[in-house]
Amino acid sequence: MVHDSVVRIGLVLPDVLGTYGDSGNATVLLKRLEWRGIRGEVVQLGVGDPVPNSLDIYLLGGGEDRAQTLAVSHLTEHPGMQQAAANGAVVMAVCAGLQILGEDFTGSDGVTHGGLGLLDVRTTPGSSTRAVGELLTLPDKELFADPMTGFENHQGHTQLGASARPLSRVVYGTGNGEGHDGAYQGHVLGTYMHGPVLARNPAFADLMLTWAVGSPLAPIDIPAISQLRNERRRAVQQMANRRKRLLRF
Amino acid sequence: MVVGGFGNLMAESVRVDDRWLMDRASTGVDEVSTAQGGDLPARTAAAVVAGNLAAKLSKVAGGGGGIIGGRVTLALDPNALGRLCRDRTVALVTGTNGKTTTTMMLARAMSVLQPVATNHSGANMPDGLVAALSTDQAAPLAVLEIDENYLPKISDAVQPAVIVLLNLSRDQMDRVGEVRHTERNLRTAIARLRDTTVVANCDDVLVTSAATEADSVIWVSAGGNWRGDSTSCPRCGMRVHVCVTDGTVTDWYCDCGFRRPTPTWAVREGLMTTPSGECFELALRLPGSANEADATLALAAATHLSVPLKPALDRIRTITGVGGRYTTVSRNGRIVRILLAKNPAGWAETLPLLREDTSRPIIIAVNGREADGRDLSWLWDIPFEQLAGRQVLATGERSADLAVRLTYAGVQHTHVPDPYQAIDGVDPGSVELVANYTAFRDLKSGLSNGA
């Protein structure tokens, strides 16, 4: 999309949707802009604050059931993010944030709540055991090539409707519960890789930044990130070996 | 005659319950009971004997001993914990950070009155508690560190006189779930108790929510640098409004009416104020505001249990290290101060300590084993940006995660996965070593054994 000199990143409701390192995604985006000489700015949008429709990127984190319903009612009352998304702004949500972007979601108490309708997905409580652990996936080829690595901790089972596409195919872990992880629809993205998913997946971060800036970005090679990605991939391989499971790439 | 015998027993003790009678009637181990446990029920006494024996055997075989003994005792008598506490005045200490330190402080303070049984090894689940109580059956007082997720089960069994509730923050979410869930469990458990006084830090929103349910609460303004889990109300989910003066939380409230209670004890910058308005300089030998908070909470609990304040404080001041924390170890000319920081709240208290001498190199050791939590997302909740300009080394089994975090924080660092090589990699002199749980545990024993 067309944009001026500063990329503006909104951290949406970090006071209620901000479980465990989720704000790290804003840190990653800001730094990757800075390293390329592009100015960025993070705007904290707390409960009670109006949500501007002028930002380039909106980030949503994880949280509990009650935080989800609170977030939906706040964002419905202040629909700046939905207006921006309709104009092509980037929205990226993890875990509970992914669920509230959908058509509806059912909490652990069995009550179904309407979502924000930015993604054609529906979430229900999954099996009785939580999905907790490393998640390794292959992204949709339309997006980027590098495998995605992350950590999931949730109980939701997310089903995609016709308008949403899976963000990635699960190689190891649970994800949505149907063989894929997350969803995307235009520039709206969601994943069960919680916390600082962008720290481990620079290609994912750069996809979002490319959309926001509107032109290709210079590649950045950071050996520490490649090392971490390789290490996590090896750890997943070892876990699969112990469980005598073949990883399907 | 048998019936008459039971009648006499019941008359002797009002605490006799049916199970006790059944145990006594069926096992016939009265001698063991008398010899080992004073008036412990026979089944418990026999279980304790077996547990202590198992502990000795385990030690002979080179194991840790205590916890094995506790497990054996609990297997033979699942109610051993309650029974081992029945004739004692019990104080439980729980919270996310500072449990071991506060337990040691409160145990020292209580020892002014009478001998104290305590789990000073930090084994804070039922087997560890039983082990500690079994080895010290005569002590009329008990001060026990409790894992916050086990508190409901243990407080039901023990019916403590006092619970010290320190703080609640995000920790090992992959293993124990969200801290708000922990708070709700504590709240329910505390509401079930009768005649228990909770000593609680009212600057911590989650702690206040749990402690409010107690029959009686002593509120302590103990501060705390981490506010990341106090942003939304545990009662209604809305935003908590926080009033901060000079960097210190002076009040907080939610629009639903839930708000900070008025404290009777307070501590700021080493000065403690008591309910009578007297001011004391704590003058601890342990560094930092977290230890001052723990000491104030311990003193509030101790004085509630009739310990005179001044001797209690004198005893607390004798503490110089807690399970190896804050102690220094020498290795090849490097004088290493070992600090434990295992979650964002712990780091919020540790970062100020690292500013004491900015010339010291900082080695950060991070593991991600089961006991640490395998999810390292918490590294992103720590403002490592503050370390820019310092000499920093990333080490430990998950140092690759740390190296990426430091890179994005703009902190130049060296990545040396082996912690001993990391120590040897800095110039001789003083060095700070900050480690999370298993990294701390392994390095502490490794360095003191000259590894």
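Just so it is clear, glycine is given a Cβ too, placed from its N, Cα and C backbone atoms.
Listed in TrEMBL:
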type	residues	note
ACT_SITE	A:C95	active site, nucleophile
ACT_SITE	A:H194	active site
BINDING	A:R130	substrate binding site
DOMAIN	A:8-201	domain 'CobB/CobQ-like glutamine amidotransferase'
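A:R130 (substrate binding site) sits 14 Å from A:H194 (active site), taking the CA atoms of both as reference points. Reduced to three states, the DSSP call for the residue listed as 'active site' is coil. Across the residues of the domain 'CobB/CobQ-like glutamine amidotransferase' (A:8-201), the predicted structure has a mean pLDDT of 95. Long-range Cβ contacts of A:C95 (active site, nucleophile) within its own chain (separation 6+, distance under 8 Å): A:T19, A:G61, A:G62, A:G63, A:E152, A:N153, A:H154, A:G156, A:T191, A:Y192, A:H194.
Taking each Cβ in turn and tallying the other Cβ atoms within 10 Å, the top scorer among the recorded positions A:R130, A:H194 is A:H194.
In this structure, A:C95 (active site, nucleophile) belongs to neither helix nor strand by DSSP; it is coil.
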